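Record features (Swiss-Prot):
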DISULFID  31-165  disulfide bond
DISULFID  52-68  disulfide bond
DISULFID  100-258  disulfide bond
DISULFID  144-212  disulfide bond
DISULFID  176-191  disulfide bond
DISULFID  202-227  disulfide bond
DOMAIN    25-251  domain 'Peptidase S1'
CARBOHYD  83  N-linked glycosylation site
CARBOHYD  123  N-linked glycosylation site
CARBOHYD  124  N-linked glycosylation site
SIGNAL    1-18  signal peptide
């Protein structure tokens with residue numbers, strides 16, 4: 001079993017180097033305007049600055065991270081450039097917010113998830129459409145897509161006008177345990193990144209999606225500081241492990257409990 005895991009990690013390392021390019025998610029490529037119709041931006045009424053991302057999973061519900069909770073949250077949908085407003089941009093406020101734990105007591109490696117019910121549903125449009133929840137967990141080595149308006153510099157807060165995207169790999173959880181000594185032996189998180197560094201989510205990307213094969217498999221949670229260091233992958237809340245809770249809440253069971 002140990003040998004298989006070592007071989008798998010070596011294969012992923014080779015794949016990571018094969019995919020290396022000039023793009024970084026901290027400085028990466030501008031997303032195609034049509035590839036992120038489900039991506040939303042969270043900001044507060046006072047700041048007007050995006051502090052987190054989120055994912056539209058149906059016309060009335062948005063998935064994000066517990067760490068992204070704020071008073072007076074606003075949710076922007078259909079946005080690409082912050083300088084040029086699409087005709088179908090919509091803004092919503094939460095009607096209800098649900099957490100596995102209090103947004104103040106989640107841990108970095110457990111239950112960093114928030115489900116937001118919008119006060120008014122949104123309509124599908126050219127730049128707005130939900131993404132599917134996962135039918136199965138992602139496979140080790142899967143190439144997945146991360147995106148957001150987070151900082152594009154590992155050393156200073158430099159936020160782009162448009163969302164940036166990059167491809168990263170699903171890694172064995174043991175890679176993240178080796179990188180972060182305090183991680184428990186098991187957790188309901190995904191370990192994902194590029195082993196040699198360079199591609200990573202960063203400040204301002206929290207709450208945004210990890211998309212694998214057209215499904216939202218992860219929620220950006222946390223990672224190394226500064227972002228994008230070699231062998232310091234990111235941690236993503238594992239959406240598949242929370243499916244029953246998500247579906248129960250949406251169905252109207254407000255007392256649904258998260259997996260232990």
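We count from 1, first residue shown onward.
Even glycines carry a Cβ here, placed using N, Cα and C.
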Whole-number mean pLDDT, the domain 'Peptidase S1' (25-251), equals 92
Of the disulfide-bonded residues listed here (31, 191, 212), which is spatially closest to residue 68 (disulfide bond) when Cα positions are compared?
191
Between the disulfide-bonded residues 144, 202, 227, the one whose Cβ has the fewest other Cβ atoms within 10 Å is 144
Integer Cα-Cα distance in angstrom, residue 123 (N-linked glycosylation site) to residue 83 (N-linked glycosylation site):
23
Any idea what the Cα distance is from residue 227 (disulfide bond) over to residue 176 (disulfide bond), rounded to a whole Å?
14
Same-chain residues at least 6 apart in sequence with Cβ under 8 Å of the Cβ of residue 124 (N-linked glycosylation site), in sequence order, are 59, 130
For residue 31 (disulfide bond): intrachain residues, at least 6 apart, with Cβ closer than 8 Å:
39, 80, 147, 162, 163, 164, 165
Local Cβ density at residue 191 (disulfide bond) - other Cβ atoms counted within 10 Å
26
Rounded distance in angstrom between the Cα atoms of residue 191 (disulfide bond) and residue 212 (disulfide bond)
13
Taking each of the glycosylation sites 83, 123 in turn and counting other Cβ atoms within 10 Å of its Cβ, which one has the fewest?
83
